[in-house]
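Pulled from Swiss-Prot, these are the features on record:
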REGION    1-39  region 'Disordered'
COMPBIAS  24-33  compositional bias 'Basic residues'
DOMAIN    38-103  domain 'NAC-A/B'
REGION    130-162  region 'Disordered'
COMPBIAS  146-162  compositional bias 'Acidic residues'
Amino acid sequence: MPVDPAKLAALQKKSGAQSGGKGTPRRPGKKVAGRNISEDEKKLSATLKKFNAQEITGISEVNMFKEDGTVLHFPKVHVEGSVASNTFAISGPSQQKDIAELIPDILPQMGQDALLQLQQAAVQFSKLQEQAKKTAGGPDAAKEAGDDEIPNLVENFEDNVE
């Protein structure tokens, strides 16, 4: 079987370091990019122990309001916190919901200040929705801009060229 010396030289350059044989150091294996969830939880619990975080009982659910009008809802929540270091960890299954879905459940739990903030957020959210409809380029937006009508050609422009 004939061996092409040019191909052999190219393969030797590609191989770089020797991967085996007597007296050669072994290469370390590549680590997998995907991480295990249990490893992350172990690191988190170790960090919380450093902060001397204690489990906070009596919290049945947590709602985090986002700027885009959605809510991150934790129905079954586990809360740990350290008041001294101002650190709190919220864990558990989460769901992303719209504000309108949660308002009947949230209103009895809120205070006066929170209700005012919620009203402001609702007004701001409705303004954002109106702006999105105008910029979406729907049929109503085109009629308002006057771009819907195309003018008819009255003359033949080729006659004017001659």
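Glycine is no exception: its Cβ is also placed from the backbone N, Cα and C atoms.
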TODO: For the domain 'NAC-A/B' (38-103), would you mind checking the mean pLDDT of the predicted model?
DONE: 88
- [ ] Take the domain 'NAC-A/B' (38-103) and count its residues per DSSP category (helix H/G/I, strand E/B, coil), listing them in that order.
- [x] 18 helix, 26 strand, 22 coil
